[in-house]
Structure formats: structure tokens, C-alpha cells
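Enquirer: Sharing a structure below in C-alpha cells format, with a few things to ask.
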Amino acid sequence: MAETFKHTTVLLDEAVNGLNIRSNGIYIDGTFGRGGHSRLILSHLGTDGQLLAIDRDPQAVSAASAIHDARFSIIHGPFSSLADYVAERGLVGRIDGILLDLGVSSPQLDDPERGFSFMRDGPLDMRMDPSRGVSAAEWLMNAEADDIAWVLKTFGEERFAKRIARAIVERNRVEPLTRTKALAELIAAACPIREKHKHPATRSFQAIRIYINSELDEIERALEGALQVLAPHGRLSVISFHSLEDRIVKRFIRQHSRGPQVPAGLPLTEAQLKSQGGRTLKAVGKMMPSESEVGENPRARSSVLRFAERLPA
């Protein structure tokens with residue numbers, strides 16, 4: 001019998017309440033996971049409401065089969081394609097709210113066979129959809145040291161990126177790295193200084209995972225897609241878990257909340273004057289988890305929830 005892994009949804013009520021759900025509205029849960037947000041959204045919907053859930057993890061899609069509700073449907077695919085899914089259903093401009101819970105889920109981290117965690121030994125995979133793309137082991141085997149170092153520095157902000165990258169390449173010449181424990185031990189040995197209360201492999205594992213799954217590109221495409229499909233006054237609710245994710249979300253909301261920028265002191269054309277009111281989003285707010293939530297679920301500690309509202313054209 002397959003082992004089940006518990007997932008505690010972070011900022012559950014806050015993220016869903018921020019959608020300002022209408023009973024007959026149409027909503028998207030772009031990261032189904034184990035369905036915590038989806039089930040709560042469904043509880044707020046009336047008989048005419050609809051919820052479209054998306055996840056690229058086959059295990060998450062399988063978990064969605066437990067929801068027997070005519071108002072609910074699940075798509076196996078990346079949330080970066082949400083605009084395409086909406087267009088296929090003729091719902092562009094009719095979506096009343098979109099929720100995105102970014103990053104890796106607890107079941108993915110806790111299942112050693114998925115290869116996301118340095119705390120549990122398993123195959124070095126890290127793909128959110130194991131049926132697509134190359135695994136972390138395959139990439140590390142074929143990548144140059146400079147490329148590995150760039151990934152570790154860019155996506156993990158790892159100060160010892162070059163040392164770790166050289167160690168990985170040298171190890172792979174002797175014996176292929178295929179297990180998470182072996183990689184974690186190699187990284188620990190390559191780091192001359194350790195951060196207090198943080199495993200030395202934390203940043204590198206995050207960086208490799210982000211790269212393997214193109215996570216930051218996926219977020220940018222999903223946000224642009226959300227802007228295309230939201231109805232006037234539709235809400236966007238996004239939970240991020242580290243600074244790289246939150247930076248993208250914050251920048252996107254700020255960019256579309258300001259409207260076109262014209263250098264000060266320059267005369268404006270009639271077209272530019274008209275465009276000055278051309279903002280497409282309104283920043284609604286930002287929330288952090290409460291102390292009690294962090295106490296019950298330490299993984300919530302770094303989470304940030306941001307809201308935005310689609311403005312009428």
C-alpha cells in the first residue's frame with residue numbers, strides 16, 4: 001500500500017477570503033496540491049459556481065479524483081498555461097479569482113522517492129512532473145561546472161556555488177550522483193562555513209529544483225496569463241515561500257498597478273494623456289502567517305501572501 005503524506009495548507013483561510021468569492025463565480029486554483037484551497041473555495045460556491053484546478057504533479061491530479069463535485073474539474077499541466085486552458089473553455093475575461101500557492105508541497109518534500117529533500121535519501125529526481133523533462137541527476141551529470149555554479153548562485157544565492165559545482169563535476173567523473181543523500185553529503189563537505197540553523201545543502205537543493213522545473217519562468221507566465229483572463233474586479237491571490245518568488249509577484253503587481261510611466265518634464269501627447277489611467281491591477285494587500293500558524297506548521301514561516309484586483313478596462 002502506498003504511503004500517504006500529510007499536507008497542511010499554508011494561509012488557507014486568508015488566501016481564499018482574499019478572493020472575495022461570489023457564490024456563482026468562476027475560480028481557478030492553479031496549484032491543487034492536495035486540495036486544501038480547492039475544498040474551501042468549493043464550500044463558498046453555490047450550485048452555479050465553478051472551480052477549475054490545475055497541477056502538473058500526477059500525484060496531485062490523482063488526489064483530485066477524490067473530489068466528486070460537478071462544479072469541480074482538474075487539469076494535468078503547468079499553471080503557466082492557465083490562459084490557454086481558460087481560452088479553450090471560452091472563459092477569457094470571466095474568471096472571478098485565481099489562487100496560486102507557489103513552490104514545492106509537503107507531500108513532494110516528504111516523499112523520498114520524489115528526490116526533493118536532502119533530509120530523506122531517495123533518487124535524485126526533483127521533477128514536479130516525473131514524466132517530463134530531465135531529472136536533477138541527469139542534468140548534474142551532463143552540465144558544466146560553470147553552468148551548475150550559475151544555477152546555485154542565481155536560484156539559491158549560494159555563496160560557495162563554484163566550490164560546490166566543482167565538487168559535483170569531479171564526483172560525477174568518478175561515480176554518478178544518483179541519490180539525494182550523496183549530493184547533500186557532498187555539498188556539506190564542500191562548504192567551508194555553515195549557516196546557523198540551516199543545513200548546508202538547503203540553498204543548493206532549492207536552486208537545482210527551481211532550475212529543473214523552470215519555476216520562476218512558470219510564475220511569470222502564470223501571472224501574465226492571470227491578467228489576460230481575469231474578469232473586471234477579479235482577484236489574484238498568490239502565496240510565495242522565498243524571496244525569489246515574492247520578488248516576481250511584488251514586481252508584477254507593482255508594474256501593473258502603476259500604469260504607463262512617462263519621464264517627468266516631457267510634454268505629453270493626447271494618446272499619452274489617455275494612457276495615464278491605463279492601470280490594469282490594484283494592489284490590495286499583503287499578509288504573513290500568524291505566530292500560531294508558524295508554531296503549528298514551521299514551513300509557513302517564510303510565506304508571504306499578496307492580493308491584487310483586476311481593474312476594468
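The chain as shown is numbered from 1 upward.
Positions of Cβ are set from backbone N, Cα and C atoms, glycine also.
In case it helps, Swiss-Prot gives these features for our protein:
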BINDING   GLY35, GLY36, HIS37, ASP55, PHE79, ASP101, GLN108  S-adenosyl-L-methionine binding site
Enquirer: Within 10 Å of the Cβ of GLY36 (S-adenosyl-L-methionine binding site), how many other Cβ atoms are there?
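Expert: Result for GLY36 (S-adenosyl-L-methionine binding site): 19 other Cβ atoms within 10 Å.
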Enquirer: Applying a 10 Å Cβ distance cut-off over all chains shown, what neighbour count does ASP55 (S-adenosyl-L-methionine binding site) have?
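Expert: That number is 28.
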Enquirer: Cβ-Cβ under 8 Å from PHE79 (S-adenosyl-L-methionine binding site), same chain, 6 or more residues apart: which ones?
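Expert: GLY30, THR31, ILE54, ASP55, ARG56, LEU100, GLU218, ALA222 - these are the non-local Cβ neighbours of PHE79 (S-adenosyl-L-methionine binding site), listed in sequence order.
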Enquirer: Here are the binding-site residues: GLY35, ASP101. Which has the lowest count of other Cβ atoms within 10 Å?
Expert: GLY35
Enquirer: Using all protein chains shown, find which of the binding-site residues HIS37, GLN108 scores highest when you count other CB atoms within 10 A of its CB.
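Expert: The residue with the densest Cβ neighbourhood is HIS37.
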Enquirer: What is the biggest Cα to Cα gap, in Å, among GLY35, GLY36, HIS37, ASP55, PHE79, ASP101, GLN108, the residues listed as binding S-adenosyl-L-methionine?
Expert: 17
Enquirer: I want to verify one value. Collapsing DSSP to three states, which class is GLY36 (S-adenosyl-L-methionine binding site)?
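Expert: Assignment for GLY36 (S-adenosyl-L-methionine binding site) reads helix.
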